[in-house]
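Here's what TrEMBL has on this protein:
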type: REPEAT; residues: 159-191; note: repeat 'ANK'
type: REPEAT; residues: 225-257; note: repeat 'ANK'
type: REPEAT; residues: 258-290; note: repeat 'ANK'
type: REPEAT; residues: 323-355; note: repeat 'ANK'
type: REPEAT; residues: 541-573; note: repeat 'ANK'
type: REPEAT; residues: 574-606; note: repeat 'ANK'
type: REPEAT; residues: 638-670; note: repeat 'ANK'
type: REPEAT; residues: 732-764; note: repeat 'ANK'
């Protein structure tokens, strides 16, 4: 078996496995080493140098994952600070909280360790005790209470529960016994004013209840919480619990905060046995709650016939609650026919009116309720209940304060379902002209028409005839409205004496127009509307009839309205005309129709709703056809013309027609849009029609810039031939040449240079053509030089990069041009330029660089040629270093030479460069890996570089550059 020493250091980095685990943040490896090998004093002392060993999150994760040994180290170093930071970071939770909440096997060991370090002796011990009880951790709870029992009655901030409440709720008998032994207060209450015994009753846990009551004093002085136990017991319907609580000498008629006794609760729950037990113990059935409910009221709500019969023998059947409602009202609302029948048999009065809502029993039987289930139940038993009530003398004519009457039960139902009930109440004298009113849960009153209108809407011939027999009102607007939808019913009403001219004209207009707009075939009602000479421009909800017809897309109705002199330019409540509505709803046929009938296309409210602009947005091609013969130069919002929109839609035919009709050919915005679209034929059409290219219009200054950015050679050529200035710039100072180069348009760039564009023009930001030259090939340079350019304006930041570009591409002509230009100030002593030339083995460029420094020197040329010819790379390197390298040479240049030395592949080269004492601290960590990459094929050189890198890493480590160190280590090891 192999032996492994985790504290043995390696020879390269002088680190052991334990340190690597720490550096990599592998806490699992750290814990395994500590658990199996322990830790020497030397390692422990060395660990204090690491920042994150003292980091509070290490302690947190150690607790969370059960790393006992690592937690011990963290606590040994700075446990007081760890406790403080953990509490601040995790919303007042301590490490002990996290230990108790975990499900690890070492949970108790970790908790004991934290207690030993004193982490439980703080203001959070209350919460820790609660957490321990919630986890049913009997052993740890006992340890906490053995240490200090002052916290045994500590309350939870949110619920107010003590630990005794929690233990009782979880039915942990052993925990309850422990807490009682430690002196827990059995009378402590939570935020719901509940004691632990109340929770025991709710859980129906008789054993715990007995334990709690045995700890109380004798029940000689019972308080509210003792008396209320019977209410909790009755709510469980557990007879054993009820009998046990009754044996505690409690007052069986004790009333709670709502005035309810135990028998009220039992009756409302419909539990007969509980009521019997309470009655045997002397329960009083005549007591009322604070709402005035008797036991009979509660029994009716419980819907238990046996309990109701028991209450009837000892109760006044007509006693009312605070609203003046007797138990009969409650029975009717529940739709319990047998209960209603029982109450009526026992003498329940049917002439009682409620004191607040003024409801009678018939109102209650007829009114709708909020619950759909109750509605269905009520409707199925309505006939029997109503008949029964009428037989017992109920007043059918009364109306409640909200308008609820005998007909209200029809508000949410079909007439056919209730023909028998309707016939019954009509025979008993119900008024057929009352309106059907309902009230919802928000006390909102809704009018559902009259019984006659309901019957017509439900197509019930028999009920219509029946209602007319009982003198239902003929001139009823609700009925008239429904009859317009059915010709047969209208004829019946007309035969019975209906006179449309006697109705309110405005109401009749609204009714008929509503039907016309929504019927598929409204011709008959249209004729009826015309015959009665009703107002065609009547407004409904702020809209005229024409607005509504347009919005619904009823073109035949629109035609009819226009034929009958409807106001085509009327405005609605939003100040919109019918034409604006038609455009917004994209109905081109109606737009044509309205325009033919005089709709104002120039109407504008000033709210960005110009009609012509909306037309152009929704019907770009068709809109021009509408106004091409009438409004060729119409200007709409923002000064845009039909010509502009035609150009924007690339409609050359429409552009030509608009120009023939007199549209302004010098519309600069339209012309610029044509250039932006890159539509050469439309641009040429403008120029042929006389567009002035040489005008001082600012828009013309931007035309060439736009064309340059598009990269369209044909467009550029056309504009130049028509007289546009090649060097004109836009508002940002950008010329066509600059934008073409910037946007990688190679052919356009070359074309503009050959046509004489200024290669030195610059933008307002100081950028020139040369800033983007690297994106193109060398033929751009050829084009520039062909024009005989003798000077060049460069930004300082791009002078050196341009020369690098020329050297990398072996462009000798550009190099010579740059070196000869007096405007170009270059550092030819920069070793990186020579490195570029050497790597590409380009002797002419290297000679040109030397000539810029020394002038023409035959010896220099011969020396370089000799070195390159004989591949004496080391001589080249030495020659480069002879005069250039001083102690003040910048680190970046030196480091590039290091790259070259490694690339050439000789240890002597590397030694030569390192003797120059490169300041590695100023080199970026990741850049320092490039020499390693070059040396990957040379093992000796690689080891040499690793040694140099390790020396640097150690210095960085001393300077606490830990994050760089870890990253560097990972890369080095991977290499």
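Just so you know, glycine gets a Cβ as well, placed from its N, Cα and C.
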Exercise for the section: Using a Cβ cut-off of under 8 Å, list the residues of the same chain at least 6 residues beyond the repeat 'ANK' (258-290) that approach it. Expected result: 230-231, 233-235, 237, 239, 242-243, 246, 252, 296, 298-299, 301-304, 306-307, 310-311, 314-316, 319, 321
Practice task
Could you give me the DSSP helix, strand and coil counts for the repeat 'ANK' (225-257)?
Solution key: 19 helix, 0 strand, 14 coil
Completion exercise
Whole-number mean pLDDT, the repeat 'ANK' (323-355), equals 78
Problem - DSSP helix/strand/coil residue counts for the repeat 'ANK' (541-573) - result: 16 helix, 2 strand, 15 coil
Handout entry: For the repeat 'ANK' (574-606), the number of residues DSSP places in helix, strand and coil
Key = 16 helix, 0 strand, 17 coil
